[in-house]
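**Q** I am attaching a structure below and will ask some questions about it afterwards.
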Amino acid sequence: MACHHKNSHHKLDLEDSSKKLVLVGNPNVGKSIFFNYLTGIYVAVSNYPGTTLDITKGRYQDFTVLDTPGVYGVSSFNDEEIVARDVIMAADIVVNVVDAVHLERDLFLTQQIIDMGIPVIIALNMMDEAEKNGLSIDIDRLSSELGVPVIPTTAVSGKGLSELKASLNRARVGESIFEKHNELTEKLAKMNEETTSTRDALLILEGDPHLADRYRLKPMNFREEIYRIRRKRVDQIIDNVVSDLNDGKGVKATLSRMMVNPVTGVPLLLITLYILYQLIGVFIAQTVVGLTEEAFFLEIYEPFIRNLVSRVIPAASFTSKLLIGEFGILTMAVTYVFGLLLPLVIGFYFFLSILEDSGYMPRIAALVDRTLTSLGLNGRAIIPMLLGFGCVTMATITTRLLGSKRERIIAIFLLGLAIPCSAQLGVIVGLISPLGVKYFLIYVFVLLLVYVLSGTFLNKVLPGKSTDLLIDLPPLRIPRIGNVLNKTRIKSFAFIKEAGPIFVLGAVIITVLQETGILIYIQELVAPITIGWLRLPPEVATAFVMGIIRRDFGAAGLNSLAMTPSQTTVALITITLFVPCIAAMMIMVKERNWKEATAIWFGSWFTAFIVGGLVALFI
Amino acid sequence: MTLAEVRRGERFNIKYIPDDLVRVQALRFGISEGAVLSCHEKVPGGPVIIKRNLQEIAVGRNLASNIIIEKEN
């Protein structure tokens with residue numbers, strides 16, 4: 001049931017015969033405004049098979065208009081690029097949105113699309129910003145150098161949009177770099193004989209394995225040579241068309257520096273995290289979830305659905321337990337996913353979209369790169385780590401953006417081990433704050449220590465090498481609320497679609513464990529560890545088992561026990577380090593495999609009990 | 001010298017980037033062997049932030065120490 005759920009509906013169809021207008025551009029160049037302007041409100045969102053990415057589709061006159069994820073080039077380095085590549089390959093015309101402030105970066109993609117022989121029209125966007133930066137661009141010259149029409153636009157204020165619309169029929173194939181390089185032209189011509197189009201031929205020359213496979217050819221290795229010539233050509237064009245550069249010394253340049261310099265960057269980051277905590281940890285986790293989970297789902301929805309189901313199915317039956325029992329599919333799973341997780345996920349993605357669109361996120365990555373490097377990660381891992389405080393399951397999915405398998409294993413282990421998710425965090429804060437600052441500091445210090453030590457350890461023992469940071473720092477901008485909301489919606493929806501079925505499966509497993517008596521057996525099994533080694537009351541074992549089901553259940557289970565402050569601290573540390581919840585575990589299996597997930601699982605058990613016991617010895 | 005040794009504000013010329021994949025990605029961002037760039041900022045112990053016109057790129061310290069550059073005057 002759960003395994004092929006993801007792709008079963010809204011599958012994107014690129015094979016239909018309609019004429020396709022594809023919007024292409026680097027990340028954050030304002031493509032969505034063009035999409036909305038062209039298509040109006042009637043758009044469809046469809047999932048791209050095999051990924052969490054969604055493609056928005058609409059209509060303009062007789063064109064099907066397709067949006068693509070922001071990419072720096074057409075190839076297959078990651079999910080975004082694979083999706084963008086496939087959609088671009090199906091294009092009849094491409095509207096390439098280019099950031100006028102970042103021609104160096106953006107024109108590389110432009111030139112690649114031109115080289116593919118696809119008719120293009122360019123929207124040279126952010127013209128207002130280019131002017132503010134003292135940049136003067138010779139648009140006619142740019143158009144003649146590239147051989148395609150260039151329309152200057154400032155999409156945010158609607159400037160140039162109607163001109164672009166009116167010029168769509170002028171889109172054409174531009175000046176390919178191959179025209180001036182005889183050797184390459186020959187290679188392309190030869191490849192052209194074996195394929196059905198220049199775009200296929202070019203990507204095979206550039207070593208794209210998927211396309212080569214389609215033609216049963218071996219991918220060629222001329223990528224670097226072609227990229228080098230393309231880069232040279234782009235630099236040449238820029239030298240010819242851009243002038244009057246006054247090196248940015250404005251407010252943005254200063255702020256940009258402050259964000260990456262530790263002296264100012266760390267306080268800025270702490271302020272940002274504080275705002276994040278206030279939004280997610282206080283406002284959403286307490287106020288909003290109080291309304292959605294407790295007031296709505298627990299008090300109105302659950303009694304309603306219990307009542308409804310119990311009319312048809314006898315209350316004592318296994319089916320009834322499965323559907324509406326303590327861990328039922330229609331009760332716990334639904335309440336958990338929509339009442340608790342959804343508000344948190346929306347809040348997190350909203351905050352992250354703002355960080356992303358403002359250009360602050362990559363600067364945080366640069367700031368923390370040094371610290372994360374010693375844990376075998378690089379600065380980019382800050383994104384899943386931040387998300388982990390919202391929901392480890394969501395964060396685990398995001399580790400896909402990391403550069404190597406090794407980094408993913410480290411990140412997933414650290415997420416499962418030492419990052420308390422927001423559901424748990426709320427309960428923990430409630431338990432530990434009455435004990436006084438000393439215990440709070442012990443808690444934070446121990447977790448931080450475990451986090452750093454485990455990362456360092458994994459970095460030492462895991463074979464291979466982690467990738468280095470190499471990221472583009474986009475200009476700082478005030479995010480557009482429409483874009484932020486849109487991103488939040490798409491990502492939250494994708495998360496629920498991915499994680500929802502897994503929570504259902506988790507609910508089923510737990511119900512089975514409970515009904516067969518295995519749950520009680522496990523409780524008795526771990527009792528010696530809890531009493532003997534951790535020096536905690538025997539009832540804590542129940543909380544631990546609950547913690548497997550849901551991390552905050554575990555922490556909440558400690559609430560009712562009479563313990564000394566030291567015992568509470570030990571119990572909280574152990575339960576934080578203890579295994580990730582069953583949903584996170586299922587996602588780990590899905591993202592990695594059974595073997596690694598099990599290793600991570602037992603690794604967490606082991607670490608949790610060792611550390612808990614050690615802390616119990618010392619305090 | 002390597003990119004890790006460059007000082008803030010200095011202009012330099014990229015001579016050699018060792019890793020194939022890194023080289024290809026750098027080419028897309030606008031850094032090619034032969035390109036003249038400047039060091040915009042150096043995070044202590046962390047990435048070197050290089051700049052070409054208005055394009056800024058953060059290069060991890062370890063990677064930077066493998067990239068060979070030559071100072072421009």
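Placed from the backbone N, Cα and C atoms, the Cβ positions cover glycine too.
Feature list, courtesy of TrEMBL:
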BINDING   A:25-32, A:50-54, A:67-70, A:125-128  GTP binding site
BINDING   A:Asn36, A:Thr39, A:Gly40  Mg(2+) binding site
DOMAIN    A:18-174  domain 'FeoB-type G'
TRANSMEM  A:259-277  transmembrane segment
TRANSMEM  A:322-352  transmembrane segment
TRANSMEM  A:381-402  transmembrane segment
TRANSMEM  A:409-433  transmembrane segment
TRANSMEM  A:439-458  transmembrane segment
TRANSMEM  A:499-522  transmembrane segment
TRANSMEM  A:568-587  transmembrane segment
TRANSMEM  A:599-618  transmembrane segment
**Q** Is the transmembrane segment (A:409-433) in contact with the transmembrane segment (A:599-618), using at least 3 Cβ pairs under 8 Å (sequence separation of 6 or more) as the test?
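**A** Counting Cβ pairs under 8 Å (6 or more apart in sequence), the transmembrane segment (A:599-618) reaches the transmembrane segment (A:409-433), since there are 3 or more.
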**Q** By a 10 A CB contact count over all chains shown, which of the binding-site residues listed here is most packed: A:Gly25, A:Gly40, A:Pro69?
**A** A:Gly25
**Q** Of the stretches A:322-352, A:381-402, A:409-433, A:439-458, A:568-587, which racks up the most C-beta pairs under 8 Å with the transmembrane segment (A:499-522)?
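**A** The stretch with the most close Cβ contacts to the transmembrane segment (A:499-522) is A:322-352.
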**Q** Taking the Cβ of A:Asn36 (Mg(2+) binding site) as centre, how many other Cβ atoms lie within 10 Å?
**A** 19
**Q** What is the number of other Cβ atoms found within 10 Å of the Cβ of A:Thr39 (Mg(2+) binding site)?
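**A** A count of 22.
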**Q** Out of A:Asn36, A:Thr39, A:Gly40, point to the one nearest A:Met126 (GTP binding site) in space (Cα versus Cα); all of them are binding-site residues in the record.
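**A** Of all the candidates listed, A:Asn36 is nearest in space.
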**Q** If one looks at the chain holding A:Asn28 (GTP binding site), which residues at least 6 apart in sequence have a CB under 8 angstroms from its CB?
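**A** Long-range Cβ contacts: A:Gly70, A:Asp99, A:Glu356, A:Asp357, A:Gly359, A:Pro474, A:Arg477.
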**Q** Which residues of the chain, 6 or more past the ends of the transmembrane segment (A:409-433), have a CB below 8 A from one of its CBs?
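**A** Apart from its flanks, the transmembrane segment (A:409-433) reaches 280-281, 284-286, 340, 344, 375-377, 381, 384-385, 388-392, 395-396, 399, 402, 439-440, 443, 447-448, 450-451, 454-455, 458-459, 462, 466, 550-552, 554-556, 558-559, 568-569, 572, 575-577, 579-581, 584-585, 588, 591-592, 596, 600-601, 603-604, 607-608.
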**Q** Give me the count of other Cβ atoms within 10 A of the Cβ belonging to A:Asp54 (GTP binding site).
**A** 22
**Q** How long is the line from the C-alpha of A:Thr39 (Mg(2+) binding site) to the C-alpha of A:Lys31 (GTP binding site), rounded to the nearest angstrom?
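**A** Checking the Cα atoms of A:Thr39 (Mg(2+) binding site) and A:Lys31 (GTP binding site) gives a distance of 12 Å.
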**Q** Are there residues of the same chain, six or more positions away from A:Lys31 (GTP binding site), whose CB falls under 8 angstroms from its CB, and which are they?
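**A** When sequence neighbours closer than 6 are ignored, A:Lys31 (GTP binding site) has A:Leu23, A:Val24, A:Gly25, A:Asp67, A:Thr68, A:Gly70, A:Val97 within Cβ distance under 8 Å.
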**Q** Across the whole of the domain 'FeoB-type G' (A:18-174), what does the mean pLDDT come to? Round it, please.
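**A** Value for the domain 'FeoB-type G' (A:18-174), mean pLDDT as a whole number: 90.
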**Q** In which DSSP state, out of helix, strand and coil, do we find A:Asp54 (GTP binding site)?
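**A** Its secondary structure by DSSP: strand.
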